[in-house]
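Written below as structure tokens is the structure these notes are about.
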Amino acid sequence: MGKFIKWGLPALALVVLAAGWWLGLAWAPPDREMGDVQRIMYVHVPLQWVAMVAMAINFGVAISYLMKASWKLDAAAEASAEIGLVLGTAGMITGAIWGRPTWGVYWSWDPRLTSQAIMLVTYTGYLVLRRFVEDPEKRATWSSVVAIIGAINLPIVWFSVRWWRSLHQVQSTPKTVDPEMTLALRVSAFGMLFLTLWFLVLRYRQALAERQAEVALPDALPSDLAAAGGANSSGVA
Amino acid sequence: MSTSRPRPIGLLTATLALLRKDLLIEWRTRARLNAIIFFALATLLMFSFALGPDTKLLEKNAGGYFWLAILFASVLALGESFRVESENACMDGIRLAPADARAIFLSKALGNTLLLTALGVLLVPVMVALYGVRIVTSVVDLGLILLLGSLALSAPGTVYAAISSNARARDVLLPLLLFPLVIPALLSAAKATTLVLQGDPMRQFDSWAGLLGGFNLIYWGVGFLLFPRIIED
């Protein structure tokens, strides 16, 4: 399992992603109206999808943490929020790059764009909170509460294009677009998903190690050598 | 185990007792109310200075400025509402009482709502005078929006104030957490207020008020459920 995550998962992700992007850039037909500009979809849409996946994981582990406290869940929450924020920001930037030639502007106050911007600021606040609370247990509980409250916005982002028909187009279905486009998009999305999972595992391990170092610290103080044996306990009391 | 264990106090009784205590402290010092009134007045004035003496523009955007002034003042009010408890470890005393911890949320959030509503009532005549607006539809509608908007700022605001009052850099943290969250409430309150001030030919008022009501239901519910986890040790 360890070997697969270290070498197999990134290799699989890069191969699938390369295949998806080759299909999208070279094989799928150009859009009837937008032409080649539309091909950024194979980057933009997967980025937004996996950002949503990461945020949904964050929501899930936040609820789980409140039900059963564990450092693993807290580390997973930190990893998923951070990666979701990075991917969502990248998705927003690619969207802006596409918006300029298509809509004539980089940014419009369309409901989808606005709700996504709110979501990104919300998770920035979440990560700032994590930096500003020193006590690891309080940090884990409070940030879980903030994550749950913030996640109320996620379905609004997702359904915003249906609820308020505005500039941003509605999610396309395989029935409405060329099957070659669907295939390229799906392969790219799976590539992006594998890459995200790899990022998540790496960041999760890092966060967990940080947490364990943090909670082990009081026991490891020189004045308390007797307790040093149990220094790397990781459970929440 | 002694047989004379204290009987748990009901949620409503505890809420009202705590609310009464907070209001009494507020009334005896009047520090918080004075501070937020002058802060909000200054904010309303600043908008007219920043935009120049263009009465048409001020009148057109009055609803938005009104709610921004309340939002900025609410950060002061919310932050202060838990500072009272941080002195002499008052929070620990309240937690030790055999009462539901959710009563703390309800009392604080209701106290903040009352404070913000009072602020809004005081700001309306100032807005009428400074921005040259008229209340076109009904005063009842304006009152309803004021109440719903204050409720909407108070519920998530109280949860976040409880968190940020114990964190480092709490003055930065509260607005950073609260502002993105209350954007839907701010938007619908400002739109509805603008409709009250400029007439509502398309009958949009009810849908904005409904959105505000839905926002309140969600965040009062979530705050009520999650608040005990924040203050536990």
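Every residue gets a Cβ built from N, Cα and C, even glycine.
Remember, TrEMBL labels are computer predictions, not curated facts.
It should be emphasised that the depicted structure is a prediction, and the values quoted were computed from it without experimental measurement.
What TrEMBL says about this protein:
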TRANSMEM  A:7-27  transmembrane segment
DOMAIN    A:16-168  domain 'Cytochrome c assembly protein'
TRANSMEM  A:47-67  transmembrane segment
TRANSMEM  A:79-98  transmembrane segment
TRANSMEM  A:113-129  transmembrane segment
TRANSMEM  A:141-161  transmembrane segment
TRANSMEM  A:181-202  transmembrane segment
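Taking pairs at least six residues apart, the transmembrane segment (A:181-202) and the transmembrane segment (A:113-129) share fewer than three Cβ pairs below 8 Å and do not count as touching. Sequence-distant neighbours of the transmembrane segment (A:7-27) (same chain, 6+ residues past either end, Cβ-Cβ under 8 Å): 39, 41-43, 46, 180-181, 183-192, 194-195, 197-198, 201. Under 8 Å from some Cβ of the transmembrane segment (A:47-67) lie the Cβ atoms of residues 73-74, 76-77, 80-81, 83-85, 87-88, 90-91, 94-95, 116, 119, 123, 140-141, 143-145, 147-148, 151, 154, 157-158, 189, 192-193, 195-196, 200, all in the same chain and six or more residues away from its ends. Averaged over the domain 'Cytochrome c assembly protein' (A:16-168), the predicted model has a pLDDT of 88. Remote same-chain residues near the transmembrane segment (A:79-98) are listed as 37-38, 40-41, 43-44, 47-48, 50-55, 57-58, 61, 106-107, 113, 116-117, 119-120, 123-124, 126-127, 147, 196, 199-200, 203-204, 206-207 (criterion: CB distance under 8 Å, separation of at least six residues from the stretch ends).
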